[in-house]
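Beneath this line is the structure, given in structure tokens, with notes to follow.
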Amino acid sequence: MLRTMFTGKIHRATVTQADLHYVGSVTVDQDLLDAAGILPGELVAVVDVTNGARLETYTIAGERGSGVLGINGAAAHLVHPGDLVILIAYGLMDTAEAQTYEPRVVHVDERNRIVALGSDPADAVVGDVVRPPHAREHGRAREDAATTRA
């Protein structure tokens with residue numbers, strides 16, 4: 001059986017532009033894509049922290065070091081410049097790989113510059129949100145799940 005697992009995310013990035021008349025997609029600084037392990041053309045979920053909108057689209061590589069995060073096409077009706085968003089990529093993997101896979105988590109500042117890298121999807125950085133009170137450390141949760149199945 002294949003499982004759909006979280007593989008990488010860019011956390012709380014700021015939307016820098018929106019173009020309703022573009023053909024679609026989300027344009028993302030190539031440095032951020034690389035750090036999150038997301039490829040150009042890859043399916044991503046865009047979760048708007050500002051207004052709660054959630055959509056799926058594909059990525060287009062933006063200029064390295066630019067901090068660009070542009071919402072293109074019809075999604076520009078839902079997500080606007082200045083909104084905080086989370087870009088999330090998922091991948092299919094078998095159970096054995098899913099139990100050991102280390103996702104890539106990229107935390108950015110208000111200008112979409114990388115401030116922290118990690119693999120725990122529940123970790124927060126100083127000045128950001130807090131860790132959910134009942135969240136277990138990512139590696140520990142995997143160990144507990146493996147023990148339960150054994």
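Backbone N, Cα and C atoms are what each Cβ position is placed from, and that goes for glycine too.
Positions annotated as active site, schiff-base intermediate with substrate by Swiss-Prot: SER25. In the three-state DSSP classification, SER25 (active site, schiff-base intermediate with substrate) falls within coil. All chains included, 19 other C-beta atoms sit within 10 angstroms of the C-beta of SER25 (active site, schiff-base intermediate with substrate).
The feature active site, proton donor is assigned by Swiss-Prot to TYR58. Around TYR58 (active site, proton donor), the same-chain residues at least 6 positions away in sequence with a Cβ under 8 Å from its Cβ are GLY24, SER25, VAL26, GLY41, GLU42, LEU43, VAL44.
Taken from Swiss-Prot, the feature substrate binding site applies to THR57, GLY73, ALA74, ALA75, supported by sequence analysis. Within 10 Å of the Cβ of GLY73 (substrate binding site) there are 16 other Cβ atoms, across all protein chains.
Annotation source Swiss-Prot lists pyruvic acid (Ser) at SER25.
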Got a sec? Which of these binding-site residues, ALA74, ALA75, has the most Cβ atoms within 10 Å?
ALA75
For substrate, whose listed binding residues are THR57, GLY73, ALA74, ALA75, the greatest C-alpha pairwise distance in Å:
10
Taking the centroid of the Cβ atoms of THR57, GLY73, ALA74, ALA75 (substrate site), which other same-chain residues have Cβ within 8 Å of it?
GLY24, SER25, VAL26, LEU55, ILE71, ASN72, ALA76, LEU78
